[in-house]
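For reference, the structure is listed below as structure tokens.
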């Protein structure tokens, strides 16, 4: 029978052996040359010879990689003489591979192409035994691209390196260094190392959390680009390909250890993944980890980072907890957030306003007969902290007394203000009217920043600071002008305020709005230097003119007024007195600025306070700020480093508290399931002795031995279940039990699950 194939394409092995069809090498057929040379898995024949008759038997030419030698395990040749096959030629016994008992080698089990979009199974034959070798051919469609040295990689019991079929697999598996896996434009590799590269090296780490499931290494000097893919794949790497997705994968701490030897630096890890029917090969550029590294098996507390330790005065003793200053500030914020009032003593404060409850006045409430209108809004105002019943979050309510909202068209501006999200501006959430206070009131709801104080109360609450600008009686001598750090604010603090206020104005003006509340009484300060502009949007509602068709027509004029107000605030800060911004004291105030501060600060104040022929922009003062912006950025990042270091001290405390809470529910329980001895028997007895080991140890003299590091270390070892052994001694000292932390963890988990099951009623 003539099938149109050349003699070399005849079924291998002769009679009685299942047919193994071999394909032509596409590279040899096209260019009369092949990248793989004698190691190619396909026939180096001319397809034009397809009209020649077929010849059976062992005389047909067979590629080197499929001959009965050359790296194929003895007894498992896919071609060559009939004696190379178990059972001999013509016996009809199907070939059986190690680990594939029951799986025969037939046409149905073979693939028709080694370079299809879905590669063959790693055992080379797509047989039911593929599940045993799934670790070597991973076909995944998940959203993350697992690394071969990934800390989350699963451990497999099968070792492909030591298995009898490892060398067979290394020949049958597709070669990722083939030219069709090299991106277009990449230089063609002229030579290739002839030595066989170990495709699946053994794990580098003995620790289970750091062991690698597989690793495909490329020969030294050979590399693939991150986006390399087969020819049938799109030239543009899709967003679902492994190359971009692997960047978001959780890093392995071992990968940050860079090898020091030159030979290690030339090694590249080849990743392979199939997404949407397309298999991608890409290079893992992460430095290969060094062998012999040891990581802690349980949580530990490292020392303070050196860049933070040298940033602040050293404490008297190392601490597991955050700095006292930061802790006190956070505690004060929590106290203010949770503060409530006694309604029996404050009957004028309603218990509920619209969807808000638990109102707490943030400003002293004067008697009704002494209420005065504010100088900013020309209305009587009051401020409350309240909790929204919709989301249970605290908000700040600014109430405008006796204001009746006639038209709701102003809500267009309110919606624009709601979109303003800036770190130096208090965000407006909603505006509503209410009669809960006994009159028609307009209420503005803002984000609540606990512990904030106004710039007025922080810097302008000292009457003695105005003495330099007050008029003198006849015969009185004028006092000497104040100096920096001796009555005046440091210039660095003023520039920090300028950067933040100008940043807030820039965002507001870009949105087409105007601040209109650039006043020391409406600027909040939290912490040491953090500013936020408060009460934004109030003027837009109070002064809304319904007769105007274009309600944003006056915004450029209001924006120019914002710049003038900013200049007044900066001048008041430079003089440390609000009297300095009065017209009669302006010249004297500028002389004070010239003496004590830089020319840049003086020029900025003059630019903001002087009338200009053209419209000014907040961007015009950026050159005046200059490199001081980088100073503020550096200070902000240093502050962030300090806070992160304090957070690192507390990051494990919640977990340790949960461990102690669970341990407390188990130890000394009087009765469980009507068994009064439950806590004194079985696993519970071990946990009781561990509790004594944790808290009740004594010295040789019989005095209590209290060591916080001992408690923290033992709890961390219990949570991790390390194999370390400890001795638990009974209280009468007649019994000594040697157990591991892993045993204690098992007892701990099973006992607490038993309690949980009983509490939920499932037991």
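Just so you know, the numbers here start at 1 and follow the chain as drawn.
Backbone N, Cα and C atoms are what each Cβ position is placed from, and that goes for glycine too.
Heads up, TrEMBL stuff is auto-annotated, nobody curated it.
In TrEMBL, the feature coiled coil is placed on 627-665, out of the ranges 549-587, 588-626, 627-665. As annotated in TrEMBL, region 'Disordered' covers the listed stretch 225-253 rather than the other ranges in 196-224, 225-253, 254-282. For the region 'Knob domain' (666-763), the number of residues in each DSSP class (helix H, G, I; strand E, B; coil) is 51 helix, 14 strand, 33 coil. Long-range Cβ contacts of residue 448 (ATP binding site) within its own chain (separation 6+, distance under 8 Å): 337, 385, 394, 395, 396. Largest CA to CA distance in the ATP binding set (398, 447, 448, 449, 450, 451, 452, 453, 454, 521, 522): 17 Å, whole number.
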